[in-house]
Amino acid sequence: MAKRRRLVREVMAREVITVNRYEQFRNILIKCSTCHTFPVILVVDDEGRLIGKVSISNIIDVFRIHEPEILKTIPFLRDDEINIFDFDLPPELGYLLLVEDIMEADCLSVTDDTTIEEAYRIMKLNRLDQLPVVDKEGRLVGMIGVFDIVQAVFKDLGII
Amino acid sequence: MNTLFSAGIIFLGSLLMMRLSNRFRLPSVTGYLIFGVLIGPYVANLIAPQIIKASGMISNLALSFIAFGLGQNFTLANVRKIGKMVIAISIGEVVGSFLVVSLALWLIGRVPLSLAIIFGAIAPATAPAAVVMVTREFKARGPFTDTLLSVVAIDDAWGIILFAFCLALAKVIAGMGGGGSREIVYAFTEVGGSLVLGGVLGYLLALSGRFLRTSTELLITTIGFIALTAGIAAYLKFSILLANMALGTSLVNSERASGKYFETIQRIDTPFYLLFFVLAGAHLELPKLLGIGVLSLLFILTRLPGEMLGAYIGAVITKAEAKIRRYIGLGLAPQAGVALGLALIAFHEFPQFGDLILSTIIVTTIIYEIFGPILTRIALEKAGEIG
């Protein structure tokens with residue numbers, strides 16, 4: 001008998017941390033201050049459509065906020081050349097910097113009717129641990145992570 | 001001396017030299033270059049001949065990586081974001097240094113026109129990493145710094161386009177590619193062919209994403225396409241650099257999630273760059289240093305004024321503020337990897353002038369990498385943007 005293909009909507013998490021693009025930078029830090037590691041925060045518009053994401057790399061990029069984005073494309077220059085322990089940033093930056101200044105606007109997502117095999121392939125290919133899930137209209141409906149998929153596979157195998 | 005022993009010396013020694021040069025506040029590239037001179041055939045002779053022989057392939061691959069990465073800047077959204085002023089200043093700087101250096105070498109240095117054109121086309125290349133290092137070290141902030149960083153990031157892309165055109169032109173002038181009155185047509189064919197080649201392969205690379213399953217497959221495919229583009233370009237006598245830049249541009253415009261292709265290359269490119277710089281240093285013919293003194297001096301003395309003049313004109317056209325007009329060219333003084341890469345290409349394409357071009361550019365790069373960052377700092381100070 002052919003194996004039933006599971007869809008992303010069957011295994012995804014529906015509780016997701018979201019913010020709007022005008023949220024202040026310091027509020028994100030405060031919101032996540034009790035988190036063990038920084039989670040991926042999804043940015044949505046007033047209609048709930050996914051417009052970007054903020055991950056730990058975007059938070060670290062705040063140390064390069066004064067540099068044009070184009071510099072990321074040049075050779076012989078690596079992020080680790082920034083010494084975050086010897087860096088002056090004005091305290092008011094926490095209020096002045098908004099989510100839209102630091103978010104990654106071109107973030108990958110999958111629709112909720114994608115198979116978990118395809119979602120897993122996209123994550124492996126793009127070295128991501130999780131992907132936002134949207135419906136046909138682009139509205140955010142959840143998040144799927146590698147662990148959700150692995151868990152589903154273990155369930156199918158009867159291990160849990 | 002066996003190949004692997006040499007490779008071990010190159011990698012471990014370069015790491016030490018990188019730390020040492022950073023201690024003296026010099027860019028890592030300077031350390032790699034000097035190390036290359038030290039272990040090269042004229043001093044310690046620790047590089048296996050097989051590695052020296054492979055330097056053409058290594059430099060072509062390293063430069064293809066650079067060009068591929070630069071190509072991703074050319075999206076409509078990005079060009080809009082970069083803005084008219086940065087585009088005008090960067091093009092001004094490239095054309096200015098090209099004209100001033102070529103004319104000076106041809107009229108004052110009395111070198112053949114084809115050689116003067118090649119030197120002129122290498123002159124605009126700058127060293128983004130060195131400029132960024134200085135702005136970070138001195139915590140520079142402000143409109144001048146923003147403009148300088150954007151210009152230094154984009155000007156090498158114009159420089160590569162100019163070099164591809166000039167190389168084709170110089171080959172015909174030197175009587176190597178057909179001759180007659182078809183020089184310009186030939187140069188345009190080479191440039192156009194490179195763009196079409198890279199454009200088509202970039203589209204195919206974007207399509208390939210649908211069939212890839214893992215990041216390892218992604219890495220292998222990306223390197224494969226870069227090498228294939230370089231190989232076909234070399235076979236058809238097109239520009240390897242321009243074809244790979246077009247590969248990056250076509251990819252970024254045909255695939256929304258193209259970032260992964262560029263990131264995967266950034267993960268593995270460092271050893272290639274390192275080898276490329278050390279081998280460039282090893283090519284320096286120490287016995288001929290005295291002979292190239294006048295040529296190097298002329299190149300050094302004319303490159304910076306050319307950059308300053310061209311950038312000034314670009315800034316005036318776009319009505320940039322006074323401090324940008326006055327000092328932006330000075331901030332662009334450092335010269336490094338791309339210049340060396342272009343010189344290495346010229347070395348292979350122009351065997352009759354190869355040693356002269358490469359040795360001159362190695363010397364000028366070392367000098368500009370030592371004094372360039374100091375000039376960038378002065379420009380930032382004069383602009384009043386050092387924090």
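Note: Cβ is positioned from N, Cα and C throughout, glycine not excepted.
These features come from TrEMBL:
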DOMAIN    A:12-73  domain 'CBS'
DOMAIN    A:103-159  domain 'CBS'
TODO: Please work out the helix, strand and coil residue numbers for the domain 'CBS' (A:12-73) from the DSSP assignment.
DONE: 21 helix, 14 strand, 27 coil
Open item on the list: With helix taken as DSSP H, G or I, strand as E or B and everything else coil, how many residues of the domain 'CBS' (A:103-159) land in each class?
Closed with: 21 helix, 16 strand, 20 coil
- [ ] Please average pLDDT over the domain 'CBS' (A:103-159) for the predicted structure.
- [x] 93
